[in-house]
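**Student:** Before we start, here is the structure in question, set down as structure tokens.
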Amino acid sequence: MAKKTNEHAFAEDIKQAPLVVVDFFADWCGPCKMMAPVLEQLERDFSVKEYRGQVKFLSVDVEHHRKLAEDRNVMNLPTLMIFENGVAKEKVVGYRKYGDLKRYLKEKLAEC
């Protein structure tokens, strides 16, 4: 399961791998609940030897860390923010299918 981050740890957490995926979610959000197993599977996929240490998954509960979401202009849920070497590069808003996200993350990793 993705490491939960907060305002205090965020700046360091996004530098822990070449590619960091931050899931901004809320417990009451239906599409977030649908996205959770997709992200869990992707985290398992990218933890294998081939990718180990290259991709990190984080999560931010916007109900508990509203300022963190507001400071990053997260307006809709779920929102995935993609960080490359600690720098915000893209946002993926809304539910995405497993295959589409896996392909997308492999492409992003190749760009790092």
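One-based numbering along the chain as shown.
A Cβ is built for glycine as well, from the same backbone N, Cα and C atoms used for every other residue.
Take a look at what TrEMBL says about it:
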ACT_SITE  Cys29  active site, nucleophile
ACT_SITE  Cys32  active site, nucleophile
DISULFID  Cys29-Cys32  disulfide bond
DOMAIN    1-110  domain 'Thioredoxin'
SITE      Asp23  site 'Deprotonates C-terminal active site Cys'
SITE      Gly30  site 'Contributes to redox potential value'
SITE      Pro31  site 'Contributes to redox potential value'
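Would you situate these features in the structure and describe their surroundings?
**Tutor:** DSSP assigns Cys29 (active site, nucleophile) to coil in the three-state reduction, placing it in neither a helix nor a strand. Residue density at Cys29 (active site, nucleophile): 18 other Cβ atoms are found within 10 A of its Cβ, drawing on all protein chains shown.
Non-local contacts of Cys32 (active site, nucleophile) by the CB criterion (under 8 A, 6+ apart in sequence, same chain) comprise Asp23, Phe25, Ala26, Leu77, Pro78.
Within the same chain, no residue at least 6 positions away in sequence has its Cβ under 8 Å from that of Gly30 (site 'Contributes to redox potential value').
Of all Cβ atoms in the shown protein chains, 15 besides its own fall within 10 Å of the Cβ of Pro31 (site 'Contributes to redox potential value').
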**Student:** Restricting to the domain 'Thioredoxin' (1-110), report the mean pLDDT as a whole number.
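**Tutor:** Reported value for the domain 'Thioredoxin' (1-110) is a mean pLDDT of 96.
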